[in-house]
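S.K.: One structure, as structure tokens, below. Some questions next.
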Amino acid sequence: MEARRLAILCSHLNPSSPYPTRGSILGASDCTSGSSEDEKVESSNLQNDCVFCKILRGESPCIKLYEDDMCLCILDTSPLIHGHSLIIPKLHYPTLEQTPPSVVAAMCSKVPLISNAIVKATDSDSFNLLVNNGAAAGQVIFHTHIHIIPRKKRDCLWASESLRRQTLKLDKEATQLALRVREQLVQSS
């Protein structure tokens, strides 16, 4: 029964093969889609100086957890915690707002599958899903990516977890903020 569950999980992680080897899922990889020219990421859609684009072209190593035609999930090389992983699109988009909704949807659709596997593999209780969008928000690599950060109770990862939150005041300032956001949404549509 356990072997069947593993085979089913593996088929989700690597749809091209119903019974992949352990190495094809978790081993070090050049992170290209495959050996045929049809399956490799087009270099014209990637940036020369972007570390994620170098990974996608096979110029930099990574440890691959998941891959499909739209995105790749790898272990973070500077993890905040054991199991910290990144979902990156296979085409270069510097920020989230420059990433097409279909690409964001493809990346986000993999979060339940991948995060569940990471949480179980790391014996974690839960996870944080994080996007640093822009320099002021802590974005360091300007190629859209989603962080999956496994968490355990009392791991003290975020200093902000010890900060007391303030209750939102339902006042004129909050109402004006909501109006400005809604105006921006209307202008964007």
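Each residue, glycine too, has its Cβ placed from N, Cα and C.
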S.K.: From the ranges 88-92, 93-97, 143-147, 158-162, pick the one that TrEMBL records as motif 'Histidine triad motif'.
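M.R.: Based on what TrEMBL states, motif 'Histidine triad motif' spans 143-147.
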S.K.: Restricting to the motif 'Histidine triad motif' (143-147), report the mean pLDDT as a whole number.
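M.R.: Taking every residue of the motif 'Histidine triad motif' (143-147) together, the mean pLDDT is 98.
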S.K.: Looking at Cβ-Cβ distances, which residues of the chain lie under 8 angstroms from His145 (active site, tele-AMP-histidine intermediate) while being 6 or more apart from it?
M.R.: Phe52, Leu86, Ile87, Ile88, Pro89, Val131
